[in-house]
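Noted in Swiss-Prot for the protein shown:
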BINDING   Thr167, Ile168, Thr276, Val277  K(+) 1 binding site
INTRAMEM  154-180  intramembrane segment
INTRAMEM  263-294  intramembrane segment
REGION    167-172  region 'Selectivity filter 1'
REGION    276-281  region 'Selectivity filter 2'
REGION    412-443  region 'Disordered'
REGION    510-538  region 'Disordered'
SITE      His151  site 'pH sensor'
TOPO_DOM  1-71  topological domain 'Cytoplasmic'
TOPO_DOM  203-233  topological domain 'Cytoplasmic'
TOPO_DOM  320-538  topological domain 'Cytoplasmic'
TRANSMEM  72-92  transmembrane segment
TRANSMEM  182-202  transmembrane segment
TRANSMEM  234-254  transmembrane segment
TRANSMEM  299-319  transmembrane segment
Amino acid sequence: MFFLYTDFFLSLVAVPAAAPVCQPKSATNGQPPAPAPTPTPRLSISSRATVVARMEGTSQGGLQTVMKWKTVVAIFVVVVVYLVTGGLVFRALEQPFESSQKNTIALEKAEFLRDHVCVSPQELETLIQHALDADNAGVSPIGNSSNNSSHWDLGSAFFFAGTVITTIGYGNIAPSTEGGKIFCILYAIFGIPLFGFLLAGIGDQLGTIFGKSIARVEKVFRKKQVSQTKIRVISTILFILAGCIVFVTIPAVIFKYIEGWTALESIYFVVVTLTTVGFGDFVAGGNAGINYREWYKPLVWFWILVGLAYFAAVLSMIGDWLRVLSKKTKEEVGEIKAHAAEWKANVTAEFRETRRRLSVEIHDKLQRAATIRSMERRRLGLDQRAHSLDMLSPEKRSVFAALDTGRFKASSQESINNRPNNLRLKGPEQLNKHGQGASEDNIINKFGSTSRLTKRKNKDLKKTLPEDVQKIYKTFRNYSLDEEKKEEETEKMCNSDNSSTAMLTDCIQQHAELENGMIPTDTKDREPENNSLLEDRN
């Protein structure tokens, strides 16, 4: 609560603090203002500096970061869970003691009424109510209340005013009159920000003192070549230990000796006070049975002032460290994301490069395979063509040789390459080996297949023959008119005997050869042999 008031009212005075940055002399001479000297790094950053930085950032461009709603909701959920956890723990620890106290007071009242028959229960309740009212008014009902001790003497009133402006509010004493309550309201409104200024100044001075001390420690460790992180950790530990010794341990020992508390109760009071919680169950100088010195309560308030400044410096330092840590964490996360994106890009590029290389290699292999296959097809076509030419008569071979010397070679080779599947013939060596043990019927069938192949080839050749070759072909055609008559006779013979497959094949072969310009000279030589074969078959 107190630190919220401090931040709010410090923001009101933060604007005038930024005014000395301007230098009138340099401004009038037309020169840019000299840069302000960079302050030495300090361990603690006061609330005033933080507020000034926020004001300057807002005035320069409105770049002040705003917490997102998701973050606010997440923090709210964490706080609620923290509160529920604390409530469960406190209930488990304190509720049994409260129940035992209720049973104890009920038994005490019953025993008192039984021992004192003249006192009615109503009179006892009235007495207890008066005791509670006196305690709430700051008067202890224990002992003789007619002594000279008072909760509103100068020392006690000064201590109460200190608890108001420090927002501790122990609650052991409070104003009971209407005038006192009204004055307390106004006094708190103007006193809390005033004390905030004082607290900020003391925090700056404490931060400067401890910063110089820590700088000396850092110099000592730098000579020993210790890393910067270790130096800061050691400096922080030393700062916290020194503050705990000065503002927690020593006051706890003093309170234990003066107030008669245990060590736990003394430390409990110190921490509750310096954190401005102030439950009021333990208050320094609140025991009516102890005769305190006049300077005791003002000294306690001065300790509260310096201790609050120390705790404010520590909390501010922790907040700054959390901001720096959050910023570094964001930067590290950004770097991790950048590295991840770079790694992903590299992996993608390598994958693409590998895929490209594989595709190129596969394409090259396919090209090589296609080239080898094409070469094999060409070689097979040439072998088959040579085999077909070997089966022709010498006159036809001479004609094809004359055609090969011209432009027919490329056209015939292209025709063979375009139709490799139609040239499924065996090589000459295999044909010779197979022909040695084959029957006459197989020989006739082979000649028939050769004639069909020759017919197909000559159909393609006709389409690609140039004009000069066509003239040679026509001349050769006129020269073989006598042979055409023999073809007609052979066709008549084929028509008369349709049941003979071999003769039909021979007729088709002769017809195809004559039709394509091939004149088999050995036809007459084979006629007697074919006739004898047909007679034997019939």
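Yeah, the Cβs are placed from backbone N, Cα and C, and that goes for glycine too.
Projection of Swiss-Prot feature records onto the structure.
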residue: His151; record: site 'pH sensor'; Cβ neighbours (10 Å): 18
residue: Thr167; record: K(+) 1 binding site; Cβ neighbours (10 Å): 21
residue: Ile168; record: K(+) 1 binding site; Cβ neighbours (10 Å): 24
residue: Thr276; record: K(+) 1 binding site; Cβ neighbours (10 Å): 17
residue: Val277; record: K(+) 1 binding site; Cβ neighbours (10 Å): 14
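Under DSSP, residues within the topological domain 'Cytoplasmic' (203-233) fall into helix, strand and coil as 27 helix, 0 strand, 4 coil.
Within the chain carrying the intramembrane segment (263-294), a Cβ under 8 angstroms from the stretch's Cβ atoms is held by residues 1-3, 140, 142-143, 147, 149, 155-156, 159, 163, 166-172, 247-248, 251-253, 255-256, 300, 304, 307-308, 310-311, all 6 or more beyond its ends. Here the region 'Selectivity filter 1' (167-172) has, by DSSP, the following mix of helix, strand and coil residues: 0 helix, 0 strand, 6 coil. Across the fold, the C-alpha of Thr276 (K(+) 1 binding site) and the C-alpha of His151 (site 'pH sensor') stand 21 Å from each other.
For the region 'Selectivity filter 2' (276-281), DSSP puts the residue distribution at 0 helix, 0 strand, 6 coil. Cα to Cα, His151 (site 'pH sensor') and Thr167 (K(+) 1 binding site) are separated by 19 Å.
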